[in-house]
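Q: Shown below is the structure under consideration.
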């Protein structure tokens, strides 16, 4: 059997190769991609990646939890859920000035995007007024902005967009069939509706899922199929590996094979050629070789730093060392900006100072991960 007959998406590997943008992938086609020989799959994914991106550029973000704990949702993986005893205390919404301070530090550390997350089912009116001001203040620093605040209706989405919010994150988490095993307090349709509201308001969509929650291989394919059906595709697609947190129902789930995770990264890249595929939660548990394979498979976005909301994230120095080993560099806010910005000496000095200032700052969530 030839490689062409094995791969339902196979096209010529010439320098003029251009992947096809599709929204109609069948589940069987996606499963066939997952089943490809590993080297064939990664080769195909790297072809797609190079057709649309600088293959050595990685979009770098910082993530700050602006309101932590006591979420009313019952997501079985989440330490912020009020349904489980994970030792995570409830915190009030951060003051605007504290958020702006952390955004300044993030920019000094080299981040191009500042993401803010709140443990809510949906933002209340008084909270929405505060977070829209946060967006404007952070945006004024020259950073791209992203928020994850739970479900939003059309009016809330429009107000966030008017405030200048660039991206809104709302993950699908898993397949429609497996979803009820993970969450019961909101429906899959609720999630899709929020994404539709975000898109209608004119914001960019950040949406992905979590792997390693006990789902079947077909569920992973079905999750990606749901993301591909979104038109347009999400601009950012975080692929998370479950971080098992003591006290959650998922704390004893069987570990996921890292190579299975890499396959999912590669398939996501093939299916969504122009999206940034984010290597997200779970990166702390990955060795350098696994992370390198993820970048080869098409991951090109990460959170950079010490903490991803309430779960661990590699240290800044380790992230920078890995970038150096692999010859990677941060993607500028404008992907077509002059390459000289990547090696700016002043940014290097600022980064070193920022790391030192932030070592003991519990509020800071740096970003090279995702």
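Every residue gets a Cβ built from N, Cα and C, even glycine.
Swiss-Prot feature annotations, pasted as is:
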BINDING   71, 75, 78  [4Fe-4S] cluster binding site
BINDING   115, 146, 206, 278  [2Fe-2S] cluster binding site
COMPBIAS  327-344  compositional bias 'Basic and acidic residues'
DOMAIN    56-283  domain 'Radical SAM core'
REGION    327-346  region 'Disordered'
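Quick one: where do these features end up spatially?
A: Residue 78 ([4Fe-4S] cluster binding site): 27 other CB atoms within 10 A of its CB, across all protein chains.
The Cβ of residue 206 ([2Fe-2S] cluster binding site) has 29 neighbouring Cβ atoms from other residues within 10 Å, across all protein chains displayed. According to DSSP, residue 206 ([2Fe-2S] cluster binding site) is assigned to a strand segment.
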Q: Between residue 71 ([4Fe-4S] cluster binding site) and residue 115 ([2Fe-2S] cluster binding site), what C-alpha distance do you get in Å?
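A: Per the Cα atoms, residue 71 ([4Fe-4S] cluster binding site) and residue 115 ([2Fe-2S] cluster binding site) stand 18 Å apart.
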Q: Let me know the most crowded of the binding-site residues, choosing from 71, 75, 115, 146 and counting other Cβ atoms within 10 Å.
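A: When each Cβ's neighbours within 10 Å are tallied, 115 tops the list.
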Q: Report the mean pLDDT of the predicted model across the domain 'Radical SAM core' (56-283), rounded to a whole number.
A: 88
Q: Which secondary structure state does DSSP assign to residue 75 ([4Fe-4S] cluster binding site), in the simple three-class scheme?
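A: Assignment for residue 75 ([4Fe-4S] cluster binding site) reads coil.
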